[in-house]
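As recorded in TrEMBL:
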ACT_SITE  Ser137  active site
ACT_SITE  Asp291  active site
ACT_SITE  His321  active site
DOMAIN    59-207  domain 'Alpha/beta hydrolase fold-3'
DOMAIN    249-324  domain 'Alpha/beta hydrolase fold-3'
Amino acid sequence: GRILEKTGLCSQITFGRYVRQGRRLRVDPKLFIQDLQFNEVPVRVYQPKAVSHRRRRAIIFFHGGGWVFGSLDTYEKVCRYISRESGSVVVSVQYRLAPEHKYPAAYEDCLNATIHFMRNTEHYGVDPARISVCGDSAGGNLAAAVSQTLAGRSDLPKLRSQILIYPGLQALDFNLPSYQQNRGVPLLFRERAAFFALQYLNGDASHMQEVLEGSHIPPDMRLKYRKWVSADNIPEKFKVRGVKPLRPTDFVAEVYETVKRFCEPNLCPLLAEDAIVHQLPESFILTCEYDVLRDDGLLYKKRLEDNGVRVTWYHLEDGFHGIISLYDYAGLSFPSGKRGLDSVVNFLKGL
């Protein structure tokens, strides 16, 4: 992608989208699948054909891809598997992608599609008390943000759960232990995590180095959020692969002015106040050992538990970022990815 961009043939994002575009599959004999629009947001609805003697649970799914990649087709196999194996209605949401559509476009699409579905559950045989939001990576970020927004709504059904698969939940500290340990581990390098966050925020990654160094956050704000975003809150067993203490960098006010919306919980859900967090539904968090975003999940797990929210945590000791999206991808499938996907299905079956 970088080579093609340097030669002027296409941008690396365009190339990445082409590689990840996926394809429509053959008819699934066990599912009824249709493409619809919810509040002008494209969605794909998966409904099991088997007869159910009660209204079904539903999962609203937001795909990963750093807010810049991914489509309904990219996650077709994952959504089919979840729907078939859990007997649930799955709604896959095609939110607008960055950098063409900057924050909060993706968040707003996911929220609007979710609200539309919650108000029309009778059309899909869904129990309004058993609706969950789910997403992986950037999709996990969106699921957490939507869950927080809906937590205080009295005009809609309460979400039954939120399912966050190696979510990215903050952009204050790109030097947490997992970022140091896994900075060069595919499929998500440390630099790319910052690049994607900046693409989503404002479509401009020119200040990526300052963000990686931590120069983009004022000292007083960093101190304020240290209670939630800190290596001190990561269990010691996750530091055994090595963590270097880093010297504080000089704050650059001009950079902060361009990225200050990183402090908004709708963009970085880990920064939500306790008053919101304690209202959140039962949660499932999946983390991978070899993933720069591992500690985002661990920090959010602690925040939820500290606020009395029931959390089911599943950690893939041999997992890496994006492993769920590779389920049966191009004929390949990693055993740990299948275990992770089955852990999600098992959690759903218990709701």
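Residue positions begin at 1 at the first shown residue.
Any Cβ shown, glycine's included, is placed from N, Cα and C.
Just so you know, TrEMBL annotations are computer predictions that nobody has curated.
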Residue among the active-site residues Ser137, Asp291, His321 whose Cβ has the most other Cβ atoms within 10 Å: Ser137
Rounded inter-Cα distance in Å - Ser137 (active site), Asp291 (active site): 10
